[in-house]
Amino acid sequence: IIIGAKKCGTGALQEILRLHPQIVSPAEEVHFFERHQQYYLGLDYYRKQMPYSYKNQLTLEKTPRYFITPEVPERIYAMNASIKLILIVRDPAERVVSDYSHVRASHPNKLPWNKTFAAEILTASGEVNISSLIVVPSLYAVHISRWLNVFQREQIIVVDGDKLITDPLSQINK
């Protein structure tokens, strides 16, 4: 499962991995482990969201919100304690800018039209607003510690999103 982080290259990584004949992946993000109403439909529901795979194929799922949703590590562990997870990260400040730009362009109603980038990510005293929905995914240490409380470090493959662009093979070979 590609667990995140948002705006770090999760979609590009999924598309690259899909090129391998032994990897199959659903076309859309599943959001199973993060959305309570879907999670409580059970693992049979989850399996039905996946494409058909042969015994020699791996099924890959990508939902970036998994990384920041507190319940998800335990839920995934309950499904498969030996699963491999892929976390893709990039410079956290650049990730925030990318996320803000994406929200502004794709979902203009989510942010007030007169709210500047600085107003979105800074508090009134000029500190980084760690409660901002744009900033939260960049708090890598907070989220990764939650995952490491559940999974062994060896189960989490960390991909450098910046290197995925400049040297993709070094990251894909992980």
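Cβ atoms here come from the backbone N, Cα and C positions, even for glycine.
Just so you know, TrEMBL annotations are computer predictions that nobody has curated.
From a predicted model like this one, the values you see are computed outputs, not experimental measurements.
Taken straight from TrEMBL:
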type     : residues : note
DOMAIN   : 1-174    : domain 'Sulfotransferase'
ACT_SITE : K7       : active site, for sulfotransferase activity
BINDING  : R90, S98 : 3'-phosphoadenylyl sulfate binding site
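Feature map: annotations from TrEMBL on the structure.
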| residue | record | DSSP (3 states) |
| --- | --- | --- |
| K7 | active site, for sulfotransferase activity | coil |
| R90 | 3'-phosphoadenylyl sulfate binding site | coil |
| S98 | 3'-phosphoadenylyl sulfate binding site | helix |
Cβ contacts of S98 (3'-phosphoadenylyl sulfate binding site) (under 8 Å, same chain, 6 or more positions away): K7
CB within-chain contacts under 8 A for R90 (3'-phosphoadenylyl sulfate binding site), separation at least 6: A5, K7, C8, G9, D160, G161, D162
Cβ neighbour count within 10 Å of the residue listed as 'active site, for sulfotransferase activity': 24
Averaged pLDDT score, the domain 'Sulfotransferase' (1-174): 95
